[in-house]
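*Asks:* The following block contains the structure, expressed as structure tokens.
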Amino acid sequence: MTDLPDNTRWQLWIVAFGFFMQSLDTTIVNTALPSMAQSLGESPLHMHMVIVSYVLTVAVMLPASGWLADKVGVRNIFFTAIVLFTLGSLFCALSGTLNELLLARALQGVGGAMMVPVGRLTVMKIVPREQYMAAMTFVTLPGQVGPLLGPALGGLLVEYASWHWIFLINIPVGIIGAIATLMLMPNYTMQTRRFDLSGFLLLAIGMAVLTLALDGSKGTGLSPLAITGLVAVGVVALVLYLLHARNNNRALFSLKLFRTRTFSLGLAGSFAGRIGSGMLPFMTPVFLQIGLGFSPFHAGLMMIPMVLGSMGMKRIVVQVVNRFGYRRVLVATTLGLSLVTLLFMTTALLGWYYVLPFVLFLQGMVNSTRFSSMNTLTLKDLPDNLASSGNSLLSMIMQLSMSIGVTIAGLLLGLFGSQHVSVDSGTTQTVFMYTWLSMAFIIALPAFIFARVPNDTHQNVAISRRKRSAQ
């Protein structure tokens, strides 16, 4: 890294700032949701859509980001991503209704979807291959700091200013990043194949309408007939994509990917697994504030041990997987995460608040081990010519499953509770207890998928550096 030219190091800093903005925004909102609900005159049970609108937009737009960067140029697309993200942040802060906020979050999601993958592509183009891993470690480090600062910073801003400031802080950073991108980043382009627009639209429609239908009549205000229509449209769109992709070498995601058994199992497990674990970052600060009466800042601080546990476990997860094999690790961490979820609920309802940081630290460790294992299992056996496509599909599924998880968590709260819940009441705690029990059950279900993974430790080693560089 030290022998890189000055202009290359500046370009890496620009990418790192983009990673930081995107990762900070995924966590800073969570602790502000109850305050947003009060300010906008909405029930806290509806606020999960603030997260879903962002994450679902990222999932929908991800497949197009790499192609756009190759076609239009990495500088142009990265600049556009920062501008859209910054404008979305401004519109979020100016929103006076929930619907306005959801539209602004979707605009943020378009920028966020392009920022991270185009940033990775930029690093691949400006850094020699032998220094790629060191450069990626450098630019992704701020992305790890973002989730650490996000909850506490969000709580601090909400408690001592207002929720609008969790979006306003993005504006000066975004302006500086946009100017620096235009001045310092080269506009690399590559010859591209024809973009599969038909496949992209079919997948986008299928994902969006099915997630919207899952929110139910209470969340969307739609009639049962309209929701049934959405489900039908979504299913038809996905079936049409499968027919479109069959024997189509130019399909957005080739069906040849699923001939690799570990990819199929890993992708199915990642989808189901992240539905369950995607509920936790949303539900935990909401439960701490509405169910237990914590202040926004205190609730944000309570999330830090979970992030620390996750970061600490990444250092040894490869050794753990190589020692015990993917099947044992994934089944154990899936069931373990379910048990830790129950332990958190029990500890909180008993009033043992001093134990909660240790439980959340353990939750972060278990979750991190499972995430890393799921990712490497999914990609490790793919042939080199399918590695990039498989990585893109996995990234899309990760975002989609998290949006579905948050949607289901909001649906569970709506099923067990009324439209308005009061802070720190017995009824509210009962609602959260039933919701948490349901979440623990959902989190445990992917163990049935992971139990089918071959348990040959020598074959199921962590993904090689050669394949990582090919993605």
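Cβ from N, Cα, C; glycine included.
Not my notes, these are from Swiss-Prot:
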TOPO_DOM  1-11  topological domain 'Periplasmic'
TOPO_DOM  33-48  topological domain 'Cytoplasmic'
TOPO_DOM  70-76  topological domain 'Periplasmic'
TOPO_DOM  98-101  topological domain 'Cytoplasmic'
TOPO_DOM  125-137  topological domain 'Periplasmic'
TOPO_DOM  159-164  topological domain 'Cytoplasmic'
TOPO_DOM  186-196  topological domain 'Periplasmic'
TOPO_DOM  218-224  topological domain 'Cytoplasmic'
TOPO_DOM  246-262  topological domain 'Periplasmic'
TOPO_DOM  307-341  topological domain 'Periplasmic'
TOPO_DOM  363-395  topological domain 'Cytoplasmic'
TOPO_DOM  417-430  topological domain 'Periplasmic'
TOPO_DOM  452-471  topological domain 'Cytoplasmic'
TRANSMEM  12-32  transmembrane segment
TRANSMEM  49-69  transmembrane segment
TRANSMEM  77-97  transmembrane segment
TRANSMEM  102-124  transmembrane segment
TRANSMEM  138-158  transmembrane segment
TRANSMEM  165-185  transmembrane segment
TRANSMEM  197-217  transmembrane segment
TRANSMEM  225-245  transmembrane segment
TRANSMEM  263-283  transmembrane segment
TRANSMEM  286-306  transmembrane segment
TRANSMEM  396-416  transmembrane segment
TRANSMEM  431-451  transmembrane segment
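Mind running through what each feature is packed against?
*Replies:* Through the fold, the topological domain 'Cytoplasmic' (33-48) approaches residues 95-98, 101, 158, 162-163, 218-219, 282, 285-286, 289-290, 296, 406-407, 409-410, 413-414, 417, 419-421 of its own chain, all at least 6 residues removed from its boundaries and within a Cβ separation under 8 Å.
On the 0 to 100 pLDDT scale, the topological domain 'Periplasmic' (70-76) averages 82 in the predicted structure.
Long-range contacts of the topological domain 'Cytoplasmic' (159-164) within the same chain, counting only residues at least 6 positions beyond its ends with a Cβ under 8 Å from a Cβ of the stretch, are 32, 35-36, 39, 93, 295-297.
Beyond the ends of the topological domain 'Periplasmic' (246-262), by six or more residues, the same chain brings 63, 193-194, 196, 199-200, 203, 377-378, 380-383, 386, 389-390, 392-393, 453-454, 460 to within a C-beta distance below 8 angstroms of the stretch.
Sequence-distant contacts of the topological domain 'Periplasmic' (307-341) (same chain, six or more residues past either end, CB-CB distance under 8 Å): 144, 147-148, 151, 269, 273, 276-277, 280, 359-370, 372-374, 376-377, 436, 439-441, 443-444, 446-447, 450-451, 453-457, 460-462.
Through the fold, the topological domain 'Cytoplasmic' (363-395) approaches residues 62-63, 66, 117, 253-254, 256-257, 260-263, 265-267, 269-270, 273, 277, 280, 305-314, 317-318, 320-321, 326, 329-330, 333-334, 336-337, 340-341, 344, 453, 460-464, 467, 470-471 of its own chain, all at least 6 residues removed from its boundaries and within a Cβ separation under 8 Å.
Taking Cβ pairs closer than 8 Å, the transmembrane segment (49-69) reaches residues 25-26, 29-30, 33, 36, 77-78, 98, 101-103, 105-106, 108-110, 112-114, 117-118, 121-122, 192, 195, 200, 203-204, 207-208, 211, 215, 219, 252-253, 282, 392, 395-397, 399-400, 402-403, 406-407, 410 in its own chain, all 6 or more past its ends.
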*Asks:* By Cβ distance under 8 Å, which residues at least 6 away from the ends of the transmembrane segment (197-217) in the same chain are close to it?
*Replies:* 49, 52, 56, 59-60, 63-64, 223-224, 227, 230-231, 233-235, 237-238, 240-241, 244-245, 248, 251-253, 400, 403-404, 407-408, 410-411, 414
*Asks:* Is it true that the transmembrane segment (396-416) and the transmembrane segment (286-306) have 3 or more CB pairs under 8 Å, sequence gap of 6 or more?
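*Replies:* No, the transmembrane segment (396-416) and the transmembrane segment (286-306) are not in contact.
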*Asks:* Taking 12-32, 77-97, 102-124, 165-185, 431-451 as candidates, which has the most Cβ pairs under 8 Å with the transmembrane segment (263-283)?
*Replies:* 431-451
*Asks:* Counting a contact as 3 or more Cβ pairs under 8 Å, with residues at least 6 apart in sequence, do the transmembrane segment (165-185) and the transmembrane segment (286-306) touch?
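*Replies:* Output no: the transmembrane segment (165-185) is apart from the transmembrane segment (286-306).
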*Asks:* Who are the chain neighbours of the topological domain 'Periplasmic' (70-76) in space, where the CB to CB distance is under 8 Å and they lie at least 6 residues beyond its ends?
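*Replies:* Contacts of the topological domain 'Periplasmic' (70-76) (Cβ under 8 Å, skipping residues fewer than 6 from its ends): 118, 121-122, 125, 181-182, 185-192, 195.
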*Asks:* Given a Cβ distance threshold of under 8 angstroms, which distant residues of the chain, six or more beyond its ends, lie next to the transmembrane segment (286-306)?
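*Replies:* For the transmembrane segment (286-306), the sequence-distant neighbours (Cβ-Cβ under 8 Å, at least 6 residues beyond its ends) are 27, 30-35, 44, 47, 148, 150-156, 158-160, 348, 353, 356-358, 360-361, 363-364, 367, 421, 423-424, 428-429, 432, 436.
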